[in-house]
């Protein structure tokens, strides 16, 4: 059977026709509509999926935010604008006529990455460091989503009580400091106004401030991993996202994690499926128990 997998992010929408062996047969991308309105998103999704839906038997969605009863929510509702409570599952079922499943994108990515690990790994955590920081937890071979879809939102654990205010309303969340947005917000002087990609480029060129910003992000993520190990006793942590997969970033996380006590050490690896993990994880979930 073929699954129409959809990844809904803050900057782009992706869709792919995925076989049961997780091979992507066809793929399309569009920018996420700048106008955060239900009509704009519905129209963009219609344009995105129309060429792919004719050969699919089901739809699987990996989306930013919290998915609750098929609708789109968020820890920070302002991020969604007019899309708060957008009926994601009913909309795709109406557009395609196919049974539809929806899950948080980091939870979906965790499920894909879990299946890429050795068979003796039953407990793992996926952390994505990108525009924000998210995560997914697999415990004893089962993906944890929680009663309300909140499970795995690791970016909203506390890193620094005196740190910057996070979009969720707390002060000093991991996301507010270690994410691409957090890195950019902390840049000053000649780097003020730079995005995270530019900060990383300056760090590679030896700019001292940029090096410190990237190091601080990696240190905060390493401390998060130590906390995750203490909380879940996971066997493996997988890192993804545009920041997490940036050149040299994982090595820095390893460096800072090695400074934590031995009990908090855990195997680290980069995401096997790279930026397709969300799409493929949603497709896997739609296939049922694996």
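From the backbone N, Cα and C atoms, a Cβ is placed for every residue, glycine too.
Lifted from Swiss-Prot, the feature list:
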BINDING   5-12, 132-139  ATP binding site
BINDING   156, 166, 168, 173  Zn(2+) binding site
For residue 168 (Zn(2+) binding site), the three-state class that DSSP assigns: coil
Residue among the binding-site residues 9, 132, 134, 136 whose Cβ has the most other Cβ atoms within 10 Å: 136
For the Zn(2+) site built from 156, 166, 168, 173, further residues of that chain with CB within 8 A of the site's CB center: 75, 76, 155, 167, 169, 170, 174, 175, 176
Spatial neighbours, same chain, of residue 5 (ATP binding site) - Cβ under 8 Å, 6+ residues apart: 15, 16, 17, 18, 59, 60, 61, 62, 279, 280, 282, 283, 286
Cα proximity to residue 166 (Zn(2+) binding site), best match among binding-site residues 9, 11, 132, 134, 136: 132
Lowest local Cβ density among 138, 166, 168, 173, which the record lists as binding-site residues, within 10 Å: 168
Spatially closest candidate among 156, 168, 173, the listed binding-site residues, to residue 136 (ATP binding site) (Cα to Cα): 156
Residue 173 (Zn(2+) binding site): nearby binding-site residues from 7, 9, 11, 134, 138, Cα cut-off 10 Å: none
Length of the line joining the Cα atoms of residue 156 (Zn(2+) binding site) and residue 134 (ATP binding site), in Å: 8
